[in-house]
Amino acid sequence: MKKDRSITKNYLYNVSYKILTLITPLITTPYIARVLGVDNVGIYNYTYSIISYFVLFGVLGSTIYAQREIAYVQNDKEKTNLVFWELFFIRLITVGTSILIFSFYFPKSEYKIYLFIFLFELIANIFDISWLYYGIEEFKVITIRNFIIKIIGVGCIFIFVRSSTDLNIYIWCHVLILLLGNLSLWISAKKFIGKPIFKFNTVMKHFTPILILFLPQCIDSVYMIMDKIMLGKISTITQVGLYSQADKIIKMAVTIVTSMGLVMSPRIASSFATGDNKQIRRYLHSSFEFIFIIAIPIMCGLVSISDNFVGWFFGEGYEGVIILIKLLAPTVVFLGINSVIGWQYLLSVKREKDFIFSVSIGAIINIILNIILIIKFKAVGAVIASVVSMAIMSIINFIFVKKQISFKYLLSKLYKPLIAAIIMTIIVEIVGKYISVSFISTVIQVIVGIIIYILILFIIKDDIMIRYVSKIKGKKNNNRDND
């Protein structure tokens with residue numbers, strides 16, 4: 001029972017932080033968009049995309065691997081200490097190498113001032129030992145740290161970023177808060193680790209598994225970042241700014257959709273270890289049901305509220321974001337599907353090769369389409385490339401799991417949420433035409449959309465919704481009985 005409560009608490013800590021990560025951009029994005037302007041936002045996102053590559057190659061796949069290795073030995077303090085310092089030494093080498101390479105790169109860039117500031121983000125990643133806390137299941141420490149960092153970061157933005165000339169200050173706020181936050185983790189780490197101790201031969205044994213886990217992360221990250229860099233090279237910084245803002249809204253929505261992976265990944269891995277394929281199928285079906293009932297209305301909702309939402313959220317100069325959000329909206333569903341099949345299933349059952357293949361094909365198609373479409377259609381071309389490549393990835397992933405899932409079952413669960421979402425979209429669009437552009441108007445549209453969607457699902461007797469409601473009622477009744 002104690003273990004169950006611990007899992008529940010850790011889950012709540014993670015969920016609470018995810019909610020904060022959703023709220024924070026809603027607070028800061030409108031302010032930054034207006035104060036810095038579309039061109040500076042474009043420069044920030046372009047330079048951040050570049051540093052993200054160096055962070056990616058510096059960290060490799062060590063975060064996920066380190067978390068797993070620490071978890072294996074968490075009950076043995078001596079082994080925990082040994083594994084910790086071995087993995088930290090590896091990160092010191094890999095991130096240090098990335099810093100060295102970056103030091104030769106950034107002086108040649110036209111944005112060298114901003115890239116120099118971002119150098120401290122690389123340095124901050126050396127001292128990121130959040131993987132230690134996740135491995136020993138001390139989620140509370142990480143969550144409190146993250147909350148404090150977010151709050152201080154938001155405060156610094158509103159205090160110090162005051163005009164369009166403050167882009168460098170905005171970046172300094174970002175990197176210094178990250179660096180201080182990572183350094184703060186070392187204070188409480190004393191309780192879990194001792195003096196540095198490691199052997200070179202045992203350190204080297206970690207490299208191969210780290211690189212194996214790095215490949216899917218690398219390809220996936222490159223795939224996500226490439227659009228902005230190619231836009232900056234082929235088109236204009238303004239187009240990068242517009243695309244980045246639309247992409248930011250989509251990513252916020254995707255966070256809600258992919259949150260199911262937090263619970264399902266370890267369960268699928270556990271079932272795989274015991275050879276329980278029937279249970280794996282049930283978990284996969286449950287994940288897809290969640291995607292259908294959550295991702296589809298979010299996709300349609302983004303399409304229906306974007307005309308009103310963009311106007312007050314971003315302000316003048318961002319009208320081009322409206323069409324980008326509408327075109328990018330289907331990626332909420334595709335990313336949800338790819339999350340279930342790729343991150344939840346394929347990696348959990350040690351089918352990394354299949355996952356790497358699907359992500360690689362998606363990345364190649366994305367790059368080819370970007371080269372063809374960005375020249376003529378600019379940011380819209382990048383959006384089309386993303387949607388098409390993610391759709392193809394979803395198709396490939398479905399082929400990989402055709403023996404593990406029932407397509408007939410999934411189709412039977414798809415059409416009712418789709419019908420409800422289409423009706424919801426029509427009504428929300430109509431409501432939007434009769435109200436002015438404002439925060440309150442968007443809230444009204446969202447509330448109307450949720451009510452209509454749920455109401456339609458009950459009218460057409462969608463069993464997924466009925467089952468979720470029954471579970472909630474059952475838990476409430478159990479709580480009353482316990483009282």
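Indices start at 1 and increase along the chain as displayed.
Even glycines carry a Cβ here, placed using N, Cα and C.
Those TrEMBL annotations? Automatic predictions, nothing curated.
What TrEMBL records for this protein:
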type     : residues : note
TRANSMEM : 12-33    : transmembrane segment
TRANSMEM : 87-107   : transmembrane segment
TRANSMEM : 113-135  : transmembrane segment
TRANSMEM : 147-163  : transmembrane segment
TRANSMEM : 169-187  : transmembrane segment
TRANSMEM : 207-226  : transmembrane segment
TRANSMEM : 249-269  : transmembrane segment
TRANSMEM : 290-314  : transmembrane segment
TRANSMEM : 320-343  : transmembrane segment
TRANSMEM : 355-375  : transmembrane segment
TRANSMEM : 381-401  : transmembrane segment
TRANSMEM : 413-431  : transmembrane segment
Okay, the transmembrane segment (207-226) and the transmembrane segment (355-375): do they have at least three CB pairs under 8 Å, pairs separated by 6 or more? yes
Surrounding residues of the transmembrane segment (207-226) on its own chain - C-beta under 8 Å, 6+ positions past either end: 49, 52-53, 56-57, 60-62, 64-65, 90, 342, 347, 352, 355-356, 359-360, 362-363, 366-367, 370, 389
In the same chain, who gets a Cβ under 8 Å from the transmembrane segment (113-135) while lying at least 6 residues past its ends? 43-44, 47-48, 50-51, 54-55, 58-59, 62-63, 66-71, 74, 84, 87-88, 91-92, 95-96, 98-99, 102-103, 105-106, 141-142, 167-168, 171-172, 174-176, 178-179, 182-183, 185-186, 189, 192-193
Are the transmembrane segment (413-431) and the transmembrane segment (290-314) near each other by the rule of at least 3 C-beta pairs under 8 angstroms (pairs 6 or more apart)? yes
If one takes Cβ-Cβ under 8 Å and requires six or more residues beyond its ends, the residues near the transmembrane segment (320-343) are 216, 242-243, 245-247, 249-250, 253-254, 257-258, 260-261, 264-265, 284, 287-288, 291, 294-296, 298-300, 302-303, 306-307, 310, 314, 355, 358-359, 379-380, 383-384, 386-387, 390-391, 393-394, 397-398, 400-401
